[in-house]
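This report concerns only the one structure given below.
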Amino acid sequence: MKILFIGSRLYDDIDYYVRENGIESIITESNEDAINLDLPDQVFIVPRGMDSPKQIAISQNVDAVVPLIGIDPPLIEVAKMKEELEAETDIPVIAANVRAVRLTSDKIKTKEFYNEIGVPTPQYQILAKDDFESKLKMEFPVVLKQGQGQGGKDIKVAESLDDVKEYFEEFDHALCEKFIEGSEISIEVLGYNGEYVPLSPIYKGETTLEGIHPLNKIKTAPCLVEGLDNNLVQRTAYKVAKNLGSDGIFEMDFMFSKDEQQLYAIEVNTRPNGTRYLTTATCGVNSLCELVNMAAGKFSIKDIQDKLEYYYATEIPIGRYKGPDLNEPLKSFKNNDWVVHGPEGYQRITIRADSKEQLDRYVEDLI
């Protein structure tokens, strides 16, 4: 079995799993100084874009391609390459298709998609710089966003018309969305060949008018929010994934309004994401390793169900880890009760335990 991985930044998460399964690994990477280039069996430094990875997949006679790209801009080119390569050869590319990327990479199209499939999403309208004062019909506070962007980029919680005016000093248009006071929830869904399985919902904290970046929040799992049925989160996530009809990882963000007792869908990411460590800690399923299983033809809902475990877990920003040495593989819970991830100085620790009490003791000892 030979797999081409596109991008090296996330590869250390799965290097141990690739080796355990006897898979020959090739990486294409556009940055010759990128991390993890010493890990795979073979590396090709290539120009940006998908033309070279496509040609290398063919020339090296690989069995599958797994893009490991955790940012949004390249996803449409990856999707186009997927459709071209799969049409021209029998090489599967474990990634979202063009339709799914177009629907999820534009927040306005995502809103329209939710409405089409009957999934509740916060009230919204599109505003323009020239006439927003007369067109704005929603009560404050509202959330202003751009169609594209990730990680909280270009988002502002506006509490007054002056806040909106300030936002339009930089932008010509905005998606204006009702501010939902409540709980932030994320969930990963795995999908391949028409099979979809939602994993454990993650609690990311309460919404704030300050709009705290996700990387600065403490996250916990399983999601324990009063009044919220986690089965509803999983059913809704499954419905979204099934209607997107694509392959790979889907990370979905939701808000739960306690006042309205309503679950709202916010957005979808069709790529590896920051939730994956906490998901793995909680339920024992590593979404990146499942991409490898998809490539190897070993992915199935039954296999996922057989792997499911049940732990209490938390993810905490720590900056720089100063605790005990971890066991190999470092990015796996196979021989560890916690893993450390993120760049030096901006590290996070994800800890798991059999009980809430044991988790609290771990946190007290480590943090």
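Heads up, the Cβ atoms here are built off N, Cα and C, so glycines get one too.
What Swiss-Prot lists as domain 'ATP-grasp' is 111-296.
Per Swiss-Prot, the feature ATP binding site maps to 137-186; the stated evidence is sequence analysis. Its Cβ taken as reference, Asp172 (ATP binding site) is surrounded by 9 other Cβ atoms within 10 Å in the chains shown. According to DSSP, Asp172 (ATP binding site) sits in a coil region rather than a helix or strand.
The annotation Mg(2+) 1 binding site is assigned in Swiss-Prot to Asp253, Glu267 on the grounds of sequence analysis. The secondary structure of Glu267 (Mg(2+) 1 binding site), as reduced to three states from DSSP, is extended strand. Of all Cβ atoms in the protein chains displayed, 17 besides its own lie within 10 Å of the Cβ of Glu267 (Mg(2+) 1 binding site).
Positions annotated as Mn(2+) 1 binding site by Swiss-Prot: Asp253, Glu267.
Here Swiss-Prot flags Glu267, Asn269 as Mg(2+) 2 binding site, drawing on sequence analysis.
According to Swiss-Prot, the Mn(2+) 2 binding site annotation covers Glu267, Asn269, on the basis of sequence analysis. Asn269 (Mg(2+) 2 binding site) has a Cβ environment of 22 other Cβ atoms inside 10 Å.
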For Lys137 (ATP binding site), the one of Asp253, Glu267, Asn269 that lies nearest, given that the binding-site residues are compared by Cα: Glu267
Averaged pLDDT score, the domain 'ATP-grasp' (111-296): 95
Glu267 (Mg(2+) 1 binding site) and Lys165 (ATP binding site), Cα-Cα, nearest whole angstrom: 25
Closest of Leu144, Ala158, Asn269 to Asp253 (Mg(2+) 1 binding site), Cα positions, binding-site residues only: Asn269
